[in-house]
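**Student:** Input: one structure, supplied below.
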2 protein chains.
Amino acid sequence: MEVDEVVCLPRLSRVAVCGGTHGNELSGVYLVRELLKVKKGVMEKEEEQEEEEPLSVLKVLSNPRAMQQCRRYVDTDLNRCFTHATLNGLTSGTVPYEMIRSRELNAMLGPKGRSGAVDLVCDLHNTTANMGLCLIAYSDCDWICLHIFRHLQRKMPDIPMRYIHFEVSNKESYSLDSVGKHGFAMEIGPQPHGVVRSNVYTAMKAGVQHMLDWVCFFNSGTLFEGESVDVFTMIKHIDYPRDSETRNITAAVHPHLQDRDFCPLHPEDPLFQTFSGETLRYKGNEPLYPFFINECAYYEKGIALSLARKRRVVIPTIRVQTEQEQAAHVQELASEEEE
Amino acid sequence: MEVDEVVCLPRLSRVAVCGGTHGNELSGVYLVRELLKVKKGVMEKEEEQEEEEPLSVLKVLSNPRAMQQCRRYVDTDLNRCFTHATLNGLTSGTVPYEMIRSRELNAMLGPKGRSGAVDLVCDLHNTTANMGLCLIAYSDCDWICLHIFRHLQRKMPDIPMRYIHFEVSNKESYSLDSVGKHGFAMEIGPQPHGVVRSNVYTAMKAGVQHMLDWVCFFNSGTLFEGESVDVFTMIKHIDYPRDSETRNITAAVHPHLQDRDFCPLHPEDPLFQTFSGETLRYKGNEPLYPFFINECAYYEKGIALSLARKRRVVIPTIRVQTEQEQAAHVQELASEEEE
């Protein structure tokens, strides 16, 4: 019997759990508030007590002003403010609140792309779409994120769960979770913005707990077996039909498509129903997987739904680096940064 | 066999259909926009062509500024600005936009409580609560509203439908529909605010069409038989548990209660689940009917749910007044107004 290659990865010492990046996505707001109340360490596994370096969990309320107004954002979408250009560009005149806040968060959790950044950012979101629990990441080969995803899938078998991949470079990646060395958005729906539903809150709480558990297992040397995972890679967005003059939408998502996130959409399937009652069909030439179907916040972004291709990704067996390996790795990173 | 007494009521010549009173309740916004596009008269029954006075249907977008921003309101809740005091009081300093707009709407559709007011106001709303289609009115003896309700129930058997009664005097009544001689809010959910769901839009469109059909039938002399109707009279509101210092909520609606609008809530039934996982129970001393469970817009009003008592109301047989009866009635009203 052949022994699979084991990939050894650096220890995850600092994890950030962020809520309220969008001020009206309330599960994350109330969960992070709750975590902030809980005595430090209670959320972490007891095993941790025996280790030398306990896991540091930063709990962050990302956009307090938007939370106070129960709005997605005050001036501009915070979760689009973490590109290299926005974080490092010159500013002049009146700077939008969220641009200031993104730099504060980058100082706290980053700097993005540098060795001082936290090891893992888990940013909590809600959607009005019927998406269950999704991890959304910029990489389809981040073994940490993919193993966490598999762990959550196993621990929460009653919750539909998917891994979504947005193919964007680290420099161009725009969301808060891109500030960490590893990171993902944990997106749960359906839940109206401005509302907290107990079932959605409870699923998010369990998801965060299992994620932190996994990190503790990983840090304490547990070997995680390789396996394969379905990854949904975003291919394109589709906008609502709109009036050419007013830009108002002229149709809603078709009732046959509404709430069918991640069910394959075939050419000629119903896509929209106009407000006068006409059915408009999907004109693509291959079946794709729709998600973010009828997400509230995306009306203004011109997105009625997104379409993904599904792929099976083989993830290797992983374990944490030994102290020796870790020391070598740190030296390697430092010399990279000097270059 | 005894012949029931027939109540004869004035003709309904002018009906207003209003949407966007709350700018983020999108079914009404898009339905009224659609009605405004449709050639005048197409929505009305063909029978009407033969009559002398066709039905006049005013289609009103109530809060254009809030609609543009896709928010409930800009300065203050428009649908609380139609009390006698707010419409007629003196104003000074910076007047909230919605107070100005309520007076414009009162000039257009009212004046409230006067003979010049439109005969019927149907104001379109959405809720995040699982309430199906509700007519909400200030009277449990407005035979017009109650007969329209029964007509809709019969015509739309697949949609759960209830009649809600808020016991408030005409002077104290605060919502746009109180401006008409008769009026109700047509409230449909669940739909997240800022989202339009095809099924909810379609139900609202059908509801409005059947309401206008009924008015045409009534005006053309149809006799509507008396019968009995279940009326839910609002008894009290219940707020979320809150932190005494921050006033933040500390619990969500219990998962066993969420989405169970109009199912009886018994003493000791689960009411809330705190964010730490504890169940809080209903401490009332009689079973009541919950509605507006977890409505998004009511967090700021301190309402987690409302409770109603259910009662069976007998409504009489009605028909429109003859021209002679109508003339006598008009004279009566005029002399009342002079007094």
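Backbone N, Cα and C define each Cβ position, glycine as well.
Sharing the record's features from TrEMBL:
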| type | residues | note |
| --- | --- | --- |
| DOMAIN | A:13-213 | domain 'Succinylglutamate desuccinylase/Aspartoacylase catalytic' |
| BINDING | A:His22, A:Glu25, A:His125 | Zn(2+) binding site |
| ACT_SITE | A:Glu187 | active site, proton donor/acceptor |
| DOMAIN | A:228-310 | domain 'AstE/AspA barrel-sandwich hybrid' |
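Let's see these features in context: how buried, what's close, how far.
**Tutor:** Regional average pLDDT for the domain 'Succinylglutamate desuccinylase/Aspartoacylase catalytic' (A:13-213) in the model is 93.
In three-state terms derived from DSSP, A:His22 (Zn(2+) binding site) belongs to neither a helical nor a strand segment and is classed as coil.
Its own atom aside, the Cβ of A:Glu187 (active site, proton donor/acceptor) has 25 Cβ atoms within 10 angstroms in the protein chains shown. For the recorded site, A:Glu187 (active site, proton donor/acceptor), the DSSP three-state label reads strand.
Assigned with DSSP, the residues of the domain 'AstE/AspA barrel-sandwich hybrid' (A:228-310) fall into helix, strand and coil as follows: 3 helix, 35 strand, 45 coil.
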**Student:** According to DSSP, which kind of secondary structure is A:His125 (Zn(2+) binding site) found in, if we only use helix, strand and coil?
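**Tutor:** In the DSSP reduction, A:His125 (Zn(2+) binding site) maps to strand.
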**Student:** Cβ within 8 Å of the Zn(2+) site centroid (A:His22, A:Glu25, A:His125 excluded): which residues?
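**Tutor:** Neighbours found: A:Gly20, A:Thr21, A:Asn24, A:Gly28, A:Arg72, A:Asn79, A:Leu124, A:Asn126, A:Thr127, A:Glu187, A:His193, A:Ala297.
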**Student:** Are there residues of the same chain, six or more positions away from A:Glu25 (Zn(2+) binding site), whose CB falls under 8 angstroms from its CB, and which are they?
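**Tutor:** Listed in sequence order, they are A:Gly19, A:Arg72, A:Leu124, A:His125, A:Asn126, A:Gln191, A:His193.
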**Student:** At the Cα level, what's the spacing in Å between A:Glu187 (active site, proton donor/acceptor) and A:His22 (Zn(2+) binding site), rounded?
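**Tutor:** That separation, Cα to Cα, works out to 12 Å.
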